[in-house]
Amino acid sequence: MRTLWILAVLLVGVEGHLLQFETMIIKMTKQTGLFSYSFYGCYCGWGGHGRPQDPTDRCCFVHDCCYGKVTNCDPKAAAYSYTIENGGIVCGGDDPCKKQICECDRAAAMCFRDNLDTYNYAKYWKFSAKDCQEESDPC
């Protein structure tokens, strides 16, 4: 069980209700976030700095910015509700905090899906931190 928790912590974005975000990614891309998006580019995975390297890395940058704007709750722990409808994700529930987190995760999962054609595992997975030194874009 401890191994599963450690793996969950490594998921893309590192925050939010990780298993829900992972499920969103799988449903939208048919790829697992853990193996396809953690350690990708300069922003996918733990932390982030520099300039996003491609559209997928930009999805992670925008996701990080989105979490930074979440107010009055902890994006690392709040479980939210959502459904998959007509190939998209619909966030539900009445809690504004949880809905904000869900919307951040929804946007990232949809962004990953929309950029599968430029996703470059060979080039950007385990991308070197020394290549992420340029000044970051503002959120």
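Positions of Cβ are set from backbone N, Cα and C atoms, glycine also.
Reviewing CYS59, CYS60, CYS65, the cysteine that Swiss-Prot connects to CYS139 via a disulfide bond turns out to be CYS65.
The Ca(2+) site recorded in Swiss-Prot comprises TYR43, GLY45, GLY47 together with one of ASP54, ASP64, namely ASP64. If you go by Swiss-Prot, CYS104 shares a disulfide bond with CYS66, out of CYS60, CYS66, CYS73.
Highest Cβ count within 10 Å among the disulfide-bonded residues CYS44, CYS59, CYS65, CYS73, CYS91: CYS44. For CYS66 (disulfide bond), none of the binding-site residues have C-alpha atoms inside a 10 Å radius of its own C-alpha, out of TYR43, GLY45, GLY47. For the pair CYS139 (disulfide bond) and ASP64 (Ca(2+) binding site), the C-alpha distance works out to 9 angstrom. Of all Cβ atoms in the protein chains displayed, 26 besides its own lie within 10 Å of the Cβ of CYS42 (disulfide bond).
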